[in-house]
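What follows is one structure encoded as C-alpha cells, with my remarks underneath.
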Amino acid sequence: MAKEDDLGMDTLEDTGTVYTAHSTSRINNPTFTTTKTTTTRTTSSTRANGSTPIHGGTQFLTTTTTANTPGGGGIRKLRQLSSSSSFSVITSDEDETEDDKPDWYLKDTSVQFHQTPAEQDPAVGFFYTPRTLTMLSVMLLLLVYVAMTPEVDDTVTNVKLLLLRPHPALWRVVLSFGVVYQLFLVFLLFQNKHDARLLFKYMDPALGVPLPEKSYGDACELTYDNIVDQTLDVFVLAHTVGWFCKALILRDYTFCWILSVMFEVMEYSLSHQLNNFDECWWDHWILDVLVCNWLGIYLGVKTCEYFEMKQYSWQGLAEIPTLKGKMKRTMQQFTPKSWTKFEWDSTKSFKSYATVIFILTMFLICELNAFYLKTLLWLPPAHPINIARIFSYFMFGIPGVREAYQYLHDPNCKRFGPQAWLLIGCIATEVLIVVKFGRGEFPNPAPASVLYFWAGFLTLLTVYPTYQFWLLPKLQERRIRRKLE
C-alpha cells in the first residue's frame, strides 16, 4: 500500500471575507497527486490569528485526485464533496486530443456510484430516516395508554392483550427462540425424570399423570365402523398438515415420499416400545401414506411451484395508484421475496449422498422425539406444549434446511449456517433426554425380524456409495485406458 507523505505545503490567502487554505499531499507514486482545498466563508468575527472563523462559518471540502498516466495521456479527477453521500468520476480533456486518450479513458462525464435506499424508493424514505426520540415517545405513550386504560383485573386478558405481527427480522427472532429452547433442553437434561414431570405439572396442573394407552391395531378388519373410527381421529388432519409443512421445508417431491415411507417403517420397527405405533396395515399404507401424507405432500409441492413461478412486484405503496393494488402489495409483504427450488442430487456425489442421508435421519429422529417425549414426560398429544414444539421445529426447519442446501450446492460455503447447527443441537439434546429418561421404561426387546431388516438396510446404505462413488469411477477409468491403448 502506498504511503502518504505530507509535504506540509499549507498556505493561507486572505481575500476579504473568504479564507482559502490549500493542503497538498503526495503519494509515493509519480503518477498520482492529491490536493485538498478547504474554503471558509465567514459572516462574523474570526480569531486573532485569522485562521479559523468563530461563528457563522461554512466549510466546503473538495478532494481532487489527479492521475497522470505514463506517456502523457488522460487525466482523471475524483471529486468528493463532504456534504454529499455520492461521488462521480469527472474526466478532463485539457491539452489532449481524442487520439491521445488511452484505452481506459471514460467518455461518460458523470457516473453515479451510490444511492441511498431513500433515493432509490422515495416511498420508503421515512423508514431510513433516524427518528429514535420520536419512536421512543410514541412507544411510551402507547404503553401508558395500553397499561393504564382500561383497567382490567382479569389475568388472562392482561397477558393476551396485544399480538405481534411478522417482522422483517423474523428469522433472527426464530434463531433467538431456538437458542432459548436449546437452553431449556439443556436444563431439562440435568433433571431426573420425576422432577421433569413435576416441572410440566407446575406449568399446567392437569399434567403430571400417566397417559392412557391407546392401540390402533386391535381391530384391523376393513369394516365401515373401523374405517370411520380411524378417519375421524385428530391425527388424520395432523398428518396432512404436517406433511404440507414438511414439503414446504424440503421442496422436493421424491425426498418427501422417501421420508414418508421411512417413517412408516420406523413405526413398524418401534411398535414394541410405543403402543400407538401398533397400527393396521391399511392404516399404515393406505390411510397414512396414500391419503393423508400424499395429500399434504402434493399441496405443499404445488405451493412451492406457485412461489417459484410467481412474479413479484416490490414497488413502493406510493407508486401504486389504486386502493386494491395497495392492499395486494401489503399482503405480498408476508410472502417470500424469492424462492429457490431444491434439487438435492443425492446420486451425483458422495457429499450430496451423505448430506441427504443425514437430513433424512434428522427428520426421522425429530419425528420420533415427539412421540417419546410425550410418553416419557406425560404430555397429551393435543396439549399446547406439544403443538408449540411442532410449530417451533417447523419454523426452525425452514431456514435450517435452506442453509444445509446452501452448504451442499455452494462451493464457497464451507460450513453449516447457525440455524442449521442449532437445529441439529436441539434434536441431539432431545435424543439425550429420551435416552436418559427412557431407562427402564421400554423393557420389551426388539423382534428378530426388525434387527435383521435394519442390519440389511444399513449394509445397503454402506455398499451403494462404495460402489457408486469409489468402485464405479475406477472401473470406468480402466475402460477408458484400455480403449486408448
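We count from 1, first residue shown onward.
Positions of Cβ are set from backbone N, Cα and C atoms, glycine also.
Keep in mind that TrEMBL annotations are predicted by a computer and have not been checked by a curator.
The compositional bias 'Polar residues' annotation in TrEMBL covers 20-30.
The compositional bias 'Low complexity' annotation in TrEMBL covers 31-47 (among others).
As annotated by TrEMBL, compositional bias 'Low complexity' applies to 56-69 (among others).
Sequence annotations record features per position, and here TrEMBL assigns region 'Disordered' to 20-77.
Taken from TrEMBL, the feature transmembrane segment applies to 132-149 (among others).
TrEMBL lists 169-190 (among others) with the feature transmembrane segment. Only residues 6 or more beyond the boundaries of the transmembrane segment (169-190), in the same chain, are considered here, and those with a CB under 8 A from a CB of the stretch are 196, 199, 392, 395-396, 399, 418-419, 422-423, 425-426, 429-430, 432-433, 436.
Among the features that TrEMBL reports, transmembrane segment is placed at 353-373 (among others). Beyond the ends of the transmembrane segment (353-373), by six or more residues, the same chain brings 246, 255, 258-259, 262-263, 266, 270, 274, 276-277, 344, 346-347, 379, 386, 389-390, 393, 401, 404, 407-408, 423-424, 427, 430-431, 433-434, 438, 461, 465, 468-469 to within a C-beta distance below 8 angstroms of the stretch.
Look at TrEMBL and you will find 385-408 (among others) tagged as transmembrane segment.
Annotation comment: TrEMBL describes 420-439 (among others) as transmembrane segment. Within the chain carrying the transmembrane segment (420-439), a Cβ under 8 angstroms from the stretch's Cβ atoms is held by residues 175, 178-179, 181-182, 185-186, 188-189, 193, 196, 362, 365-366, 369, 372-373, 376-377, 393, 396-397, 399-401, 403-404, 407, all 6 or more beyond its ends.
What TrEMBL records for 451-472 (among others) is transmembrane segment. Residues of the same chain lying 6 or more positions beyond the ends of the transmembrane segment (451-472) and with a Cβ under 8 Å from any Cβ of it are 269, 347, 349-350, 353-354, 357.
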